[in-house]
């Protein structure tokens with residue numbers, strides 16, 4: 001386990017920035033409440049076995065004595081590096097993203113299940129959508145009861161969405177909570 | 001004369017045997033399920049006559065049937081009728097009874113044609129007839145008596161057939177073909193009935209052991225257990241309870257879920273799930289987060305709420321060790337066998353994501369599900385690691401955490417309803433191996449905990465097994481080996497653990513542990529024990545080389561000494577610690593003194609342990625003495641420095 005170096009940090013932050021925008025500051029500087037001390041400090045990012053974890057400092061301190069082979073996970077895993085060197089956010093980062101998301105989409109109850117199966121979000125399933133979405137933005141997908149379901153990339157801007165036909169793709173699927181059942185091994 | 005029970009099992013008594021008919025009461029009429037001979041009621045001559053005459057014939061008259069006991073089909077009719085008749089008779093005296101019966105007698109007379117001469121006309125007969133009649137009556141009476149006796153014999157013989165054990169030949173016949181399930185079932189029921197009241201119901205000359213053996217064999221083949229397991233169960237439970245337990249193992253326990261209080265509340269979750277078409281209820285009054293699911297239109301493990309981490313599928317018995325552990329916020333907790341993560345996530349939600357949890361799991365394939373569950377439920381204060389539980393004290397350091405939860409790997413005999421293969425796959429060897437592992441794990445767990453912790457110092461040990469060697473024996477072992485004591489679990493609705501069992505005698509405080517059974521509590525078989533660590537020192541025994549911090553700090557000389565001289569007297573239950581503690585306190589370098597709680601100044605008892613070492617040869621004792629003196633000197637020096 002080691003802290004991220006410059007390049008890695010940039011990459012990770014860029015990805016997160018797409019979803020949360022300026023709230024990135026919140027994420028990085030959030031005072032944490034974990035750890036047995038009274039003032040556990042803040043959160044930090046650590047790299048371990050090609051996965052990036054978002055943990056509070058006190059946890060990190062305590063995990064240092066666990067050998068690399070035996071350490072499996074700490075805090076929240078937010079993403080992993082692919083063989084090719086790219087970085088993807090995984091579904092496990094949903095709670096972090098959802099709390100700070102700038103662009104949100106709400107799905108109708110009928111199309112929740114479809115999204116949870118890994119399909120893209122279609123115009124017909126759209127309940128609400130925040131304004132000022134630009135294509136290529138990260139979007140967090142919620143259900144109508146404000147339960148975060150996953151996230152993806154916007155395919156169209158908000159304006160264009162209005163003009164779209166009901167089968168048009170609005171959000172390209174990247175991750176959803178159905179993966180906990182479908183792709184357990186990938187996580 | 002036997003009582004005149006009309007039928008085998010009917011409550012009708014016979015007409016009472018007591019001559020005064022008026023005394024005949026219902027109580028007389030409700031006999032034990034033995035057949036009775038016909039009673040003889042002198043006054044009811046006519047009746048008897050009638051009955052006796054009719055007896056050989058198959059008549060449809062109810063009264064006769066009542067008396068006759070031969071025809072089985074009419075039993076019910078007979079008994080009913082007889083009760084009515086009894087009711088009447090009770091209140092009336094002989095004559096009137098006679099009169100009551102007489103109309104019936106008349107009916108009999110009318111109905112049958114084979115009656116012997118003298119019927120219903122006693123009053124009309126003259127002297128010679130009377131003589132004849134009385135002779136005939138006497139003969140009839142004798143015949144009745146004989147027949148009644150014979151019947152009684154026959155009936156008594158029939159009854160023991162119900163719980164007569166099958167002979168070898170019959171057993172061989174059975175073994176040659178596929179097991180005949182209905183026969184087995186009735187035989188099992190009968191044997192249980194006999195065993196539950198063996199004193200009264202046993203047939204002559206048959207030992208209890210034979211019944212038990214036969215029961216074991218039948219249960220094993222009917223329910224599919226192997227010999228070892230069924231033998232252990234038979235030893236643990238009385239026959240009736242054993243049947244309840246085995247029946248309970250055949251059925252599934254209700255599915256239950258646990259609300260994730262980090263994300264939602266039970267009421268809200270229940271509402272949402274009800275909307276989805278899930279039929280549920282709060283689990284029980286001892287849990288505020290549990291819900292039991294009766295049935296569901298959607299798969300309960302795949303709802304969006306499940307995927308969002310609002311609840312966890314978890315059996316009710318798994319709530320118990322975490323409730324016993326009762327972790328507080330900002331504590332350090334270790335879960336030594338955490339996968340798949342139900343208990344760990346519960347601990348985290350009780351701690352509200354504060355503090356730190358180390359979730360350890362030895363088996364690599366199970367780590368994925370553990371991590372996934374942790375992330376799904378939104379737990380952020382956890383470090384997941386992959387160690388053998390026994391190594392954890394080395395990794396985390398001794399005396400470093402506040403609480404430890406050890407849900408030990410076990411034989412799984414309490415969850416037979418989930419996994420039927422346990423019935424056949426466990427042998428005495430398996431139990432022994434797994435209990436050895438559990439003993440090592442519990443010692444490691446105890447070593448992890450810091451006795452000085454302000455808010456904690458607790459270890460909870462739990463298994464999903466009902467076997468004594470895995471439960472009480474392990475706790476007893478821990479009590480002997482470490483300075484811990486049992487405290488109440490906080491679960492007041494379980495059964496207390498065994499303090500003695502067959503040849504074992506455990507520490508009396510073991511009644512604070514709790515056992516749960518499927519047939520009593522409707523949850524999986526489970527065992528929970530909560531230990532409090534009193535101090536950080538350990539009691540090493542001569543049998544094991546316990547590498548504690550203190551011992552590691554000793555010089556090698558001291559090590560040899562302590563190993564040699566600390567031969568724990570076997571058999572002492574929990575009390576050798578005094579002697580041995582004294583030993584260690586003398587032998588140890590006082591670096592570890594601050595950990596002791598009041599055993600410091602027992603210089604006088606240095607002599608005691610040495611006297612106990614009957615096996616020590618003289619020269620070793622001398623060497624020990626020399627070392628003692630050396631150590632005393634050292635101790636004095638370091639005491640001064642340590643106490644600054």
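Each Cβ is built from the backbone N, Cα and C atoms, and glycine gets one as well.
All annotation found in TrEMBL is predicted automatically rather than curated by experts.
S-adenosyl-L-methionine is bound by B:337, B:338, B:339, B:340, B:341, B:342, B:343, B:388, B:407 in TrEMBL, and the record lists one more residue there from B:305, B:361, B:420, B:452, which is B:361. The Cβ of residue B:341 (S-adenosyl-L-methionine binding site) lies under 8 Å from the Cβ of B:359, B:369, B:370, B:373, B:374, B:377, each on the same chain and at least six residues away in sequence. The Cβ of residue B:337 (S-adenosyl-L-methionine binding site) has B:360, B:361, B:362, B:389, B:406, B:407, B:408, B:409, B:441 as same-chain neighbours under 8 Å, each 6 or more residues away in sequence.
Here the domain 'SAM-dependent MTase RsmB/NOP-type' (B:245-534) returns a mean pLDDT of 91 for the predicted model. In sequence order, B:318, B:321, B:322, B:335, B:405, B:407 are the residues of the chain that are 6 or more apart from residue B:343 (S-adenosyl-L-methionine binding site) and have a CB within less than 8 Å of its CB. Maximum intra-site Cα distance, S-adenosyl-L-methionine binding residues B:337, B:338, B:339, B:340, B:341, B:342, B:343, B:361, B:388, B:407: 20 Å.
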